[in-house]
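Sequence annotations record features per position, and here TrEMBL assigns domain 'Major facilitator superfamily (MFS) profile' to 11-345. Positions annotated as transmembrane segment by TrEMBL: 21-41, 47-65, 77-95, 101-122, 134-157, 163-184, 212-229, 249-270, 282-308.
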Amino acid sequence: MFGWTPLQRNAAIASFSSWTLDAFDFFVLVFLLSDIAQAFQVGMEEVTLAILLTLAVRPIGALIFGRAAEKYGRKPILMLNIVFFSVFELLSAAAPSLTVFLLLRVLYGVAMGGIWGVASSLAMESIPDRSRGLMSGIFQAGYPFGYLLAAVAYGLLFEVVGWRGMFVIGAAPILLLPFIYFCVEESPVWLAARARKESTALLPVLKSHWKLCVYLVLLMAAFNFFSHGTQDMYPAFLKIQHGFDPKTVSIIAISYNIASIIGGIFFGALSERIGRKKAIIIAALLALPVIPLWAFASGSFMLGLGAFMMQFMVQGAWGGDPNLPQRTGTSEYPRGVAGVCLPVG
C-alpha cells in the first residue's frame, strides 16, 4: 500500500484501528443518553454530564500516556491504553447507579485521552515522510469510522441487547492486542531517540516551547469545538427534537459518518498539493453555508443531507490535522507530547 513495507503498513493499521475503536466506545454513549436517563430515572442534563466529564479529563490521560510513551515506547503504551479504555467501557455496562456510571466515564476519559497522541505518533513516525499528508487524512478518518460503527451497532443491536449490552460490545477493542503485539514494531523515531539518549523531560520542553504549546492548544480548541459541537449531541437532537426512531437516527448517523471519512481522506490528500493550512481553511469556510440546512431543516432527508455536507467539511478540516502537531516535533520537542494539545484544547 502506497509503497510501504509490511511493518509500516501494520503500524498504520494498528494506529488507525486503535483510534477507530476508541471513537466507537465514545460515540456508543451519544446514542444511549436518553435510554440511560430513563434507566436511572434522571433528566437528560444529568446524563449528558458523562460526555463533559469524559472530555474534561482527557488532558490527564494525554499527559500520563504521552509521557509514558516518550519513556517506554509507543507500542507498549498503546497496548496498555487499549486495555484500560476497554475495561472501563465494559464496567460501564454494569453500573448500578448514575454516580457509579459517571465515575467510570471519568476513568474511561483518562484512558481515552492517551490514544490520539500515542497512536498518531506511532503512525506518523513509522511511515515514509512523503505519505504523511495522506496518512493524516486516513488516520483522522478513523474517528468518524468509529462513529459509523457505533451507528451501525446501535441500529442493528440496540433493540436486542439494550444500552448495557452496547457497552459490553464496546469492550471489543481489546481484541486488537494480539495484532499489535505480534505484527507491529516500535517507532523507528523513538528507537533512534533512545539510542541518542535524548531527554524527554516534560516540564523543560513546555517551558522552552511555551509559545508553540499555546498555539497548538488554541488550534486544537477550535478543531474540537468544530467537531464535538456538530457531532456529539446530534443523535439526541434527532431523537428528542424530531422524534425519529432508532433506525432513522442510525441511518442518518451512518450517512454523515461516511461523508466524514470521504472528507477526511479527500482533504488530507489535497493538503499534499496545496498545503495543510489552505486545505483546513477551505474545508472550514465551506461548512458555514451548510449550517441552516444542518440545524434548521425539517424531515429526515433534508436533515440527513445537511449533516452529510457538514461532516464532510468538518472531517475535511481535520484531515490535515494529525500531521500538524507531528510536524512540530523536533528532538527537543517530543512528538508524543504534541498529542497532549488535542485533549487540552
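Including glycine, each Cβ sits where the backbone N, Cα and C put it.
Between the transmembrane segment (163-184) and the transmembrane segment (249-270) there are fewer than 3 Cβ pairs closer than 8 Å, counting only pairs 6 or more residues apart in sequence, which means the two stretches are not in contact. Proximity of the transmembrane segment (134-157) to the transmembrane segment (47-65) is not established, fewer than 3 Cβ-Cβ distances being under 8 Å for residue pairs spaced 6 or more apart. By the Cβ criterion (distance under 8 Å, sequence gap of 6 or more), the transmembrane segment (21-41) is not counted as touching the transmembrane segment (282-308), fewer than 3 such pairs being found.
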